[in-house]
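Trainee: For reference, the structure I am asking about is given below.
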């Protein structure tokens, strides 16, 4: 037997290995951005128009039909914004200049939209309300579009399409995307920062993270930590650090000046909030406590089986580390960090999970995308029957999740949309005459904000229904408006004797009761 013949036979026997995942050229294809296999990476990924259009339509639907899920959204954000525009609205103890826990810079950003809208629509304050919501929906659309495009360029069109579908139809994202809350703003920043990180725009990713922490929710720094640290390692350290540092300093100065202008004294709301909750003196447990399983139950409510798949992502990474690690692991890791941290806190609220909502979609979609690989025989160029079945199951699993989410969304809108609809009918009861008083009883927590109160109603008052916690009071212009520190406010959630109206029937003849 000649030496050349032996070499030829050995080469022929080894030829099947050149087509599997262990061949050098196959590994190189897998590492390239957009190289997800199955033709996923062709044409540079998904173009910008498709995700922007799809997300824009769904976010507009959210803006026009979303509920108000938390009375904090009304009394801590819509009401102060209403006061800045119309000089009337409710004030909570957090906005007393004695405590100054809330940032007026965050409100001012929304006032940039609400101010011109109030001039355009005049007395039609409800239109101003929905103008701000559309603005929030637009921010959500832009940030999520960046994330979807980044995923398509890095991991292929299929994964990006799965994420896009979940972002559009999951109940959690539908409701959080147009909520006027700092946690929603942090969600926008997390989404944009993650997308920029995957696009290798490390300096921009860190700057957006800084904005999300300072303008949005300071505690969300834990969510931004993995991408920020890895961006400093990956990018030119000096440039990335300087970008984040300058953004942080600029926003802190602006926040400091906005607080001084509105509170009427030198104070810093970001520090005050951290001091109240972290450095001592805070008693957030006064506003309700829940067990360790609260966020897991809540996550399942908002994402159904997608939430379970998202939790399984860490178990999938060892089988797909060449594709998902380390970049996608860095993007998704805040889901576990945030769930662990927030579950340890006694006081829990649904909105506290908002910052990681889009990352839950990414994690769940990644698990669905990689599912057939568990049945792939790396030593064979042919697909096994189990791998083919797994590929067929992917759209079925995704479809089931989306149908369940869609059903919950519309069930919520149909079952809990009454407060917004009922208060809009006040516009058609002007026969009550100017100077009318609107009295609200046990449903005070469903009050949709002063944007729904027409001009003929001069005042909104609370009726004593047995609640013994502290309720909001109208901003008092006599005491100084936003600079006021009324004596009836306290941080112990103790009811004030002045918060209820007791003699309304004796003093007024024009009262509307809710």
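Any Cβ shown, glycine's included, is placed from N, Cα and C.
Residues or ranges marked as compositional bias 'Low complexity' by TrEMBL: 1-15. Taken from TrEMBL, the feature region 'Disordered' covers 1-42. What TrEMBL lists as transmembrane segment is 104-122, 128-152, 159-182, 202-225, 237-258, 303-321, 352-371.
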Trainee: What residues in the same chain, six or more past the boundaries of the transmembrane segment (202-225), come closer than 8 Å to it by Cβ-Cβ distance?
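Mentor: Contacts with the transmembrane segment (202-225): 103, 105-106, 109, 182-183, 185-186, 188-190, 192-194, 196, 231-232, 234-236, 239-244, 246-248, 251-252, 255, 270, 273-274, 277, 334, 337-338, 341, 355-356.
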Trainee: Counting Cβ pairs under 8 Å that sit 6 or more residues apart, are there three or more between the transmembrane segment (237-258) and the transmembrane segment (104-122)?
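Mentor: Stretch pair touches.
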Trainee: Which range wins on Cβ pairs under 8 Å with the transmembrane segment (159-182): 104-122, 303-321, 352-371?
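Mentor: Ranking 104-122, 303-321, 352-371 by Cβ pairs under 8 Å to the transmembrane segment (159-182) puts 352-371 first.
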Trainee: Restricting to the same chain and to residues at least six past its boundaries, which positions have a Cβ under 8 Å from a Cβ of the transmembrane segment (352-371)?
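Mentor: Sequence-remote neighbours of the transmembrane segment (352-371) are 36, 144, 147, 151, 155, 158-159, 162-163, 165-167, 170, 172-173, 176, 179, 181, 183-184, 186-187, 190-191, 194, 212, 217, 220, 223, 295, 298-299, 302-303, 306-307, 309-313, 316, 319-320, 323-324, 328, 331-332, 334-335, 338-339, 342, 390, 393-394, 397-398, 401.
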Trainee: With Cβ-Cβ distances below 8 Å as the criterion, list the same-chain residues six or more beyond the ends of the transmembrane segment (104-122) that contact it, or say none.
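Mentor: For the transmembrane segment (104-122), the sequence-distant neighbours (Cβ-Cβ under 8 Å, at least 6 residues beyond its ends) are 77, 80-81, 84-86, 128, 131-132, 135, 180, 182, 185, 215-216, 251, 254-255, 258-259, 261-263, 269, 482.
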Trainee: Against which stretches of its own chain does the transmembrane segment (303-321) lie, if we need a Cβ under 8 Å and a gap of at least six residues from its ends?
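Mentor: Counting only partners 6 or more residues beyond its ends, the transmembrane segment (303-321) has Cβ contacts under 8 Å with 166, 170-172, 296, 329, 332, 335-336, 359-361, 363-364, 366-368, 370, 373-374, 397, 400-401, 404-405, 408.
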